[in-house]
Amino acid sequence: MTGTCDANLSSYSCTYNYSCMSQSTTGRCTPCSQITEGFMCRCSPLYEINCMQCASNGCAICIQFFQPLNNNSCVSNFCSNYMQECYNGYVCPPHTVQTTLCVKCQSNQRQPCKCGKRPNCSTCNSDGTKCGQCLIGYKLFEGNCVEQENVCDAKKQSTRCDQNQFCNGEAYSPCQNCSQLRINQFCRCGTKLAKNCQKCGDQDGKCKICIAKFALYKDECVSNICGMIPSTLNCSFGNLCREGSQPNAECATCDGTQACNCGSQLQCKYCGSVINTCAECFHGYHIEGVTCVRDTNSCGYQFDSQLCDTGFYCTGNFGDQCESCENIKFNNACKCGTLMIQNCTKCINNNCVECKSGLYPISNICRQNTCIGGKDSGQCALNNYCPSEPIEMHINCQECTAKSPIQCNCGGSQNCQTCNASYSGCALCQAGYQFASSECQAIPNICSKELTSASCSSGNVCEGKFLDFCVSCANINEDKFCNCNGNLLQNCKSCSGRICADCRYGYYPVNGKCALNICDQTMSNLHCLDGFICDQKGKPQDECSQCVDGQTIACKCGTAINCATCGRFSNTCDKCLPGLVIKFPNQSCGEQEAGDNSCDAELTSKVCFDNFFCDGQAGDICKPCSHIREGKTCKCQDQFLINCAFCPSSDCVQCINGFSPVSGKCVTNKCSTPCLPGYHCPQGAGKDGSCMVCSLSSTETCNCGDAKNCQTCNAFNNACQACIQGFVLLNGKCQLPPNCDLLNPCPIGQYCNNSICALCLDQQITCSCGQAVNCQNCGSAESCLNCIPGWTQDINGNCKVPICTVPPNRDQYCAGPESPQACSENPLVIVSMQYQCNCGKTEVGNEAMRCANCERYQNQCKQCMNGNTLMSGICVLTPPGYIGNCDQDGSSRFCAENYGCKGYGQCIECSQLLLSMSCKCAEDHLQPNCASCNGRNCVKCVEGAFLDGNQCKISCDNFITCEEGEMCKDHVCTKCDGTDICHCSNKDNCQECTKEQTCNGCMKGYIENYEGSCSLCADGYQLINDSPALCQTSESVQNFLGVGDIVCLLIALIIIIGGVWIIVYHYLSKPKKYYQQHNILAAQNQQ
């Protein structure tokens, strides 16, 4: 028998291992294996809640998430990723996501065990309320787990080590004495960690003794090695790299034998008390303030005379004083200005004026005084000339005298007869030249040596001998050339610009030149011009007369015959001799024939030739339209156009006076009516005068529609293109100009004051000084004499340097008197500016000088102004030939352009770099894998990389060969985008990286673990979701509900909720079974 249940679900009547779960007076007890949470099982003599299988002294098996603990009673013992209900002595399994049972704590586990409220326990004591064992890194003390002293912390750091101890092993392993410290490890010094420190100092975080190859600087250990390419610049402050040192050898303390590393000071024998200062200098230098400066007029290396003064040269060792060139040794070079000239004994600026005995300064070279005959005297020594004969032969130069036939060599001066005392200019000028502005310039209006008019003034002719003054062309002799503004015109009597306007007797101007126009001995027209004739009443050698209508002798008109006057085109007649008519098509004159060019019976022009009109009786010869009268029609092919004077086609192109061609026809265009658009009425034309086309040479107002005061119109004749005098074009309109404005500045030496120009004096407004800006008054050669307030002069006398009335803050520079601007917004402009960027003060209290841009979190330069080089955050003047040195991280940022770093030491050419190394390109731009730059861009890559646009990329087989934060895609390293495995330090299966080089998202099938890496689910778990990734026990996965199951479950849940509400309402007025069962259980516990 199993027993029966009463109305209160009491299990008193149930037998062993049975329970009441049905509210019925006739209900039978059910096996405890079917029990649910909150019900009790009959385990004689006790009743156990949540028990599925009884034991002899309690419960043996509990329902899910409960365990038989605490005198074999069922106690909750479960956890999930969001809650823990573990019992004392139990722990939640690692990587738990779904609800699961807690497991018993083990001594070697990493998660803390539940031991009451005691942290960091590995196992509990017997009653589970205190720690029995501790996690690694902790020790047991009175039931608590406290940190172990002098051990490595969880991140393998030295934060838990004792003074002068360091971490040299795994997490929580014992610390060791700092005397065993290796490079880049940290020693515990007080409350702080000191890097590369072998023994701590007295102050917190300060070091006293460093490990090998490191030196103390400001109580910290800094690198003190010579570098891969040994150099003192790699050493720490106050140390030097001995000559002949091996790569990465340790530097030595400065001892005066070599230059010491004193920061930005490069030539110190000994350093000052703080960085960037010298205490003592080497031979050839002297100290100025805290800097070693080269001695003036002293020798450089290898007898270098570059630092010698002009007129001196070097004969000794480095730093020795230079000697005068007066007694210079043979083939030694003298310093002459910026030049070095061999065998020179005396200089003036860049020019050698005297040489050693037997040599002469010729084109700044001391050599023998010879030349090639007939060539320029510049081959000779100063104050010498090259004879003209024998030509093309090597001959000796001759000293210049007042009678020398050839121009003398006086340096750069021309047309000299003899030279001045310094041989830098003329003492006497050659014939035909005179002194003007300290130079020999041609005497104006004289006959040249070749007896031409080339040296005459315009309108004059040479009629005499060399050096005679030219005379007016008004009386020019035959075949002489008149100078018409540099154009030599034969037989010209007067000029008009560069062409001839009038010719001497017997000549006539044709196309700007004089042509013969005279009757020969036979009085024929042979030597007459077209349009002229020999008057038979005259005599031979008379000028030909111009042809007129009505004459009886034929005019010369080219090949046309019987002409009275010539036509518009060559070889044609305009009028014929009496009784003759023009014959077509050659337009010569001949006898009239039937059907020739004549008026018809209606007196129209229908039978006239083209460009002729009828002006007489029937049968009269038609006249050329060039003689047409107003109201008459000209024949123009198939058109008859009134008032047309010339038509090459059916359109008229020239009309009689008072008319203009518009669309091929003549339209009235007289001054008595408004002129047509694009035309103007000439001055003095009168009412019947003709309007003329507007041009830039006309002075009258042009008709441009509604536009006023126009000189010419635009293409549509509705707006001005140019204005008449006194007006200026503003926005397409001709307006009265202001006295001055931005487009119309004042003359030099004046300033614009309310649109009125005034003389510059002490005004606050910019004076007009040509190209110079911000001037208050003008100097010479378009420079400023002084500046308006807020500006000062640069080296060229231009007021371009602003005076900051508003001081710039940090990371700002002075762009104008009241306009400080941010350096970081445009550092590439600041490198060429006059004022530096304000980067604050360095650690020693000095201003960071010559910066173009600042480091974000440090008072140091990030970028330097032109002519400076960045060294350890400080901008120093770039030494000649400087190529730079690598910093302690091996970065190329301090290298010169097209140089980079292969390790420590001096920079090398980018062509010698390897993969993953960076080349320094223009504008401080570092280009990885680049072998050669052009500006900011890379143009050639190192071996193993290829050019993609302006950058070099590495070809790859997998992500391991890529840089951190890159992935290998299509054999190219590119920035991670989640489509392939990303290289994140030593982390696995990442989609992207964080700043700390841990995974930012995992590849599909992986889940992120507590180390920041991506791994598969732990044994016994399976991935059930990708986003977000979740691991669940395999058993749970196998029982995972499908979509249909979930829908059914939701429906059932709604029904259950409704039922629960009814039950709650019912229980409000009746005793409840659950309460009664708990009362029974409490009574048993009291027994």
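Easy rule for this one: first residue shown is 1, then count along the chain.
Glycine too: its Cβ is placed from the backbone N, Cα and C atoms.
Here is what TrEMBL says about this protein:
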DOMAIN    112-146  domain 'EGF-like'
DOMAIN    354-398  domain 'EGF-like'
DOMAIN    483-515  domain 'EGF-like'
DOMAIN    703-735  domain 'EGF-like'
DOMAIN    894-931  domain 'EGF-like'
DOMAIN    983-1032  domain 'EGF-like'
TRANSMEM  1040-1068  transmembrane segment
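If one looks beyond the domain 'EGF-like' (112-146) by at least 6 residues along the same chain, the residues whose Cβ comes under 8 Å of a Cβ in the stretch are 84, 86-91, 102, 105-106, 153-154, 171-172. Over the domain 'EGF-like' (112-146) the predicted model carries a mean pLDDT of 89.
Per-class residue totals from DSSP over the domain 'EGF-like' (483-515), listed helix then strand then coil: 0 helix, 23 strand, 10 coil. Each residue of the domain 'EGF-like' (112-146) gets a DSSP state, and the totals for helix, strand and coil are 0 helix, 15 strand, 20 coil.
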